[in-house]
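What follows is a single structure, written as structure tokens, with notes after it.
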């Protein structure tokens with residue numbers, strides 16, 4: 001399968017991940033706003049390894065979806081439609097997402 005096709009499929013997958021992430025984040029927001037104890041519970045969840053890992057995954061999916069979305073917008077405008085340039089834009093989107101993912105990891109942990 002061409003790398004451009006993989007990038008397109010991953011863009012869709014990141015969108016589905018973010019759909020579930022909205023539910024998680026809304027629950028976390030509701031918990032934090034419910035009371036002082038609820039805020040402390042939400043803070044403990046996010047500061048724990050599993051919560052931080054989930055948060056990092058959500059931020060990584062968001063980063064990939066934004067980068068992939070920009071790539072798709074550029075392709076809709078007629079750029080990167082050839083085989084070689086499409087493959088290059090997919091590789092650039094992967095590298096950009098990796099950098100943003102590392103930055104998100106630094107921010108979360």
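Keep in mind that glycine also has a Cβ here, set from the backbone N, Cα and C atoms.
Per TrEMBL, the feature heme binding site maps to 65. The transmembrane segment annotation in TrEMBL covers 12-30, 45-67, 88-108.
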In the chain carrying residue 65 (heme binding site), residues 6 or more apart in sequence that have Cβ under 8 angstroms from it: 11, 14, 15, 18
Long-range neighbours of the transmembrane segment (45-67), counting only residues six or more past its ends (CB under 8 A): 10-11, 14-15, 17-18, 21, 24-25, 28, 31, 93, 96-97, 100-101, 104-105, 107-109
